[in-house]
Every structure is written in structure tokens, then in C-alpha cells.
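**Student:** Attaching a single structure in C-alpha cells format; questions to follow.
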Amino acid sequence: MRINPTISGPGVSTLEEKNLGRVAQIIGPVLDVAFPPGKMPNIYNALVVKGRDTVGQQINVTCEVQQLLGNNRVRAVAMSATDGLTRGLEVIDTGAPLSVPVGGATLGRIFNVLGEPVDNLGPVDTRTTSPIHRSAPAFIQLDTKLSIFETGIKVVDLLAPYRRGGKIGLFGGAGVGKTVLIMELINNIAKAHGGVSVFGGVGERTREGNDLYMEMKESGVINEQNIAESKVALVYGQMNEPPGARMRVGLTALTMAEYFRDVNEQDVLLFIDNIFRFVQAGSEVSALLGRMPSAVGYQPTLSTEMGSLQERITSTKEGSITSIQAVYVPADDLTDPAPATTFAHLDATTVLSRGLAAKGIYPAVDPLDSTSTMLQPRIVGEEHYETAQRVKQTLQRYKELQDIIAILGLDELSEEDRLTVARARKIERFLSQPFFVAEVFTGSPGKYVGLAETIRGFQLILSGELDGLPEQAFYLVGNIDEATAKAMNLEVESKLKK
């Protein structure tokens with residue numbers, strides 16, 4: 001669907017042109033506003049409350065209309081704190097939904113839900129803006145070709161490949177490398193696809209958002225010298241913000257991504273961390289609006305809200321939005337309505353394992369738990385599919401044998417099983433890879449590995465051609481040629497020591 005971005009000056013135009021109302025009631029972040037008869041705003045219109053609070057401070061609170069109550073009243077949800085608001089304050093109907101800046105001006109900057117920069121780097125060019133509420137692209141505009149989105153990360157491309165224009169769920173606890181994986185993907189898409197990324201921090205910790213920003217500056221994803229050369233736009237609505245802001249910040253990020261897809265005709269990567277917080281904020285707003293709760297206390301409109309966000313994340317004939325969404329699973333219950341509703345929209349899952357992280361294997365992607373609908377012979381080809389299946393079978397057999405090894409030791413295994421274990425350990429290490437964004441910490445240069453190289457490497461390990469090489473030769477290398485070169489270096493080093 002083509003965006004028609006508006007070319008306009010920033011802010012609200014003169015009061016005389018707009019409908020004016022008055023605040024009639026305030027309950028937390030929810031405001032009831034009375035308008036003159038025949039001057040009612042539409043659902044999703046942005047309202048601006050202007051005036052002074054009880055101590056004379058200037059107030060400027062933006063709200064979004066959610067319900068028409070009758071008796072010339074509307075109920076709106078505030079996008080920022082409502083402290084200091086009083087009944088009788090003047091409310092301006094802007095006559096349109098919330099609009100945010102889009103285009104190249106957003107790159108390298110941090111925004112809040114309203115599209116206002118919050119990084120103290122000065123104003124942003126707001127001549128090109130776009131409303132955050134839009135319908136999903138029409139069916140006829142969708143690109144239905146199934147194509148793989150190559151990330152340059154071996155474990156992802158081989159075992160759980162991403163779909164171009166697809167949605168990926170990223171499951172992982174604290175400290176297993178979600179942020180580093182996200183940053184590497186942003187870096188790789190910028191280099192290999194010339195694309196841009198948009199990061200939507202939905203209800204996340206402020207500290208994490210700050211850490212991500214600092215790490216992006218360190219790794220060069222955000223270019224401090226020439227901000228326009230940056231490859232990412234950041235939109236944050238943290239945990240401490242009102243539910244209205246957390247509910248809409250995902251749409252703000254998506255709107256920026258849609259512009260890059262539809263107008264600039266680029267492939268865009270959209271990160272949402274965390275999609276569960278989007279549902280949680282919707283649940284809070286639903287309760288504040290007085291709707292009857294549904295299963296487990298969630299909003300009755302859960303599927304509709306999730307669908308309206310997810311259906312806009314798609315490939316069109318112009319470009320694609322590939323979305324990677326961190327998914328928090330409450331109490332590890334996958335049947336909870338929030339993750340269950342999210343699963344229905346995902347094309348692939350990337351599960352990060354604490355066990356692999358503890359072994360020092362990064363990225364700590366669990367090769368057996370991660371899944372993808374793209375791993376089918378008719379999509380990825382027979383060679384890729386067969387290699388992936390054999391890798392999984394080898395790793396699965398190793399997993400089954402681990403109890404026996406722990407109790408009896410390797411010597412008690414049959415010759416065939418010992419060979420399987422040796423190859424599985426090589427595969428496990430070869431699934432690790434040095435990242436560009438981790439260069440500053442590890443000192444080893446990052447590697448982008450093409451899909452063909454990845455398949456060739458694993459085929460050589462499975463065929464037994466590399467059985468003579470030590471397993472540490474496969475740890476943190478790019479392609480298989482680097483592993484053989486590393487093995488030769490290790491051999492030379494060991495001879496020198498003797």
C-alpha cells in the first residue's frame with residue numbers, strides 16, 4: 001500500500017481552525033472530553049490538552065480518541081503523564097491521527113511515541129510525516145514469492161532460515177545474547193542488503209534501551225560523525241510510560257518502517273522488543289476504558305489488536321519488512337493468550353539457549369528448538385534441506401548420548417556413536433561465529449558467511465572429510481576454509497611448543 005506522506009510544518013496549527021473541547025473527567029491516563037454539538041472528533045484522532053497546571057507550569061499532553069460516549073463526550077487515552085491536568089482545560093482536536101516524522105531524517109535518532117526526538121541532538125525535519133494508523137496493504141499488492149532472507153549467520157541460515165517479509169519470534173532470557181544478535185542482524189542487513197532497520201522498544205527497561213544505543217554507537221551502526229549515514233532509527237516507549245504510549249509505540253516504529261518500504265522501496269528490518277508488552281499495555285487500556293475482560297484478564301480485542309499490527313508487517317511489490325520480535329512468555333506458559341496469539345503470526349522461531357551461552361558458543365541459538373516454515377525442500381532446495389536435517393539428526397543423537405557419556409564415559413560407546421559424538425561436537429562449534437558488532441569485545445574480526453558456504457562447510461563435516469581436525473579448529477570461525485587453516489596453525493603451534 002502506497003503511503004501518501006503529508007508535507008507539513010511541525011506542531012498544531014492555529015486554534016481558531018480547530019474544534020475546541022474541555023476536559024470533563026480525568027481517571028489516571030484516561031480523559032473524558034466534552035465537545036460542542038456537531039463538532040465531535042473521529043476515533044483515533046489526536047487531541048492536544050494545552051494550558052497551565054495548578055503551579056503555573058505549561059502543559060502539553062497529547063491523547064488519542066478511543067471511544068465516543070454520547071452526550072457530545074469522547075474518551076481518550078493520554079500518551080504522556082496526566083499529572084497537573086484539571087477539569088475545564090482546553091482541548092484541541094487536531095482533526096487527524098497521530099503523525100510522526102518518516103524518511104531519512106529519522107536515521108540515527110531516538111524518538112518517543114509522538115515522533116519527538118529524545119536524544120538531545122536537536123530538532124528533526126518534520127516536513128514529511130505519516131499517520132500511525134493505516135490499513136494493511138491490499139491483497140493484490142502483496143508479494144507472495146517465498147524467498148529466504150540471508151542473514152550471514154550460519155546457524156540461522158542453515159537450520160531456521162528467515163523469510164523475506166516474514167515474522168520471527170526471538171525467545172531468550174537475560175544475558176544470552178538477544179541484544180548482540182539483534183545488533184549483528186542490523187549490521188549485516190545494512191552491509192549485504194543496503195537496507196535500514198527500525199528498532200521499537202515497547203515497554204522495555206530504560207537501561208536496556210540506553211545500552212543498545214551506546215553499543216550501536218560503538219559498533220558503528222549509528223554513525224556519530226555523520227548521523228545521516230546511520231542504518232537504524234530507534235523508537236522507545238519504556239516501562240515507566242503510560243499504557244497509551246506503550247500501546248502505540250509499536251505503531252510509530254512500524255510507520256517509519258513502512259515509509260522505507262513503500263516510498264524508498266527498500267528491504268527493512270523491524271525489531272520489536274517486547275511484543276508481549278504491546279499486549280500488556282492494550283490490556284491496561286482496555287480495563288481503563290471499562291471493557292469486559294476476556295480469557296486470563298486480557299482485553300476482548302486481543303486478536304484484533306495483534307492482527308492490525310502484524311498484518312501491516314509484510315512484503316509488497318515495492319519492498320519488504322522483515323520483523324524480528326522478542327517474545328516474553330509469562331510463567332513459561334506457551335498456552336497463555338498473549339504468546340499463543342503471537343505464535344499464529346510467526347514464520348520462524350529463534351530460541352536462545354542458556355546452556356550454549358554457558359559453553360561460550362555464540363550466537364547461543366538452540367539448533368534443535370529453533371524452527372522455520374521455510375525449511376522445506378521446495379523452498380530452500382533439496383541440498384540445503386538434506387544438510388539441515390542431517391545436522392539436526394547428528395545433534396539430536398549427541399543429545400541422547402550425553403547421559404550415557406556422563407555416567408560411563410566416551411569409551412563405552414560403540415565406534416559409530418563415538419564418530420557421531422565427534423562430528424556433533426565439531427558441528428556445535430562450527431555453528432558459533434565471530435560477530436562484527438562484538439569485535440570491540442573479542443578482538444577477532446566479524447565474519448559474514450553466505451548460505452552456499454555454510455552448506456558446503458556442514459556437508460564436509462558430515463561426510464567425514466574433516467574427522468582428523470581438532471574440534472577447537474571449528475570454534476568461532478567463518479567458513480570451513482578458515483577452520484582448516486586454523487587447524488594447521490594449531491598443529492604448527494603444538495609442534496613449536498614441543
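Positions of Cβ are set from backbone N, Cα and C atoms, glycine also.
When I checked Swiss-Prot for this same protein, it listed these features:
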- G172, G173, A174, G175, V176, G177, K178, T179: ATP binding site (BINDING)
**Student:** Could you tally the C-beta atoms, other than its own, that fall within 10 angstroms of the C-beta of V176 (ATP binding site)?
**Tutor:** 23
**Student:** Which of the three DSSP states, helix, strand or coil, fits G175 (ATP binding site)?
**Tutor:** coil
**Student:** Restricting to the same chain and to sequence separations of six or more, state which residues have a Cβ under 8 Å from that of G177 (ATP binding site).
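**Tutor:** Listed in sequence order, they are L352, A357, Y362, P363, A364.
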**Student:** Using the structure shown, find which entry in G172, G173 (the binding-site residues) has the sparsest Cβ neighbourhood within 10 Å.
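**Tutor:** Lowest Cβ count within 10 Å among the binding-site residues (G172, G173) is G173.
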**Student:** Using Cβ atoms only, which residues of the same chain lie under 8 Å from G175 (ATP binding site) while being at least 6 residues apart in sequence?
**Tutor:** R354, A357
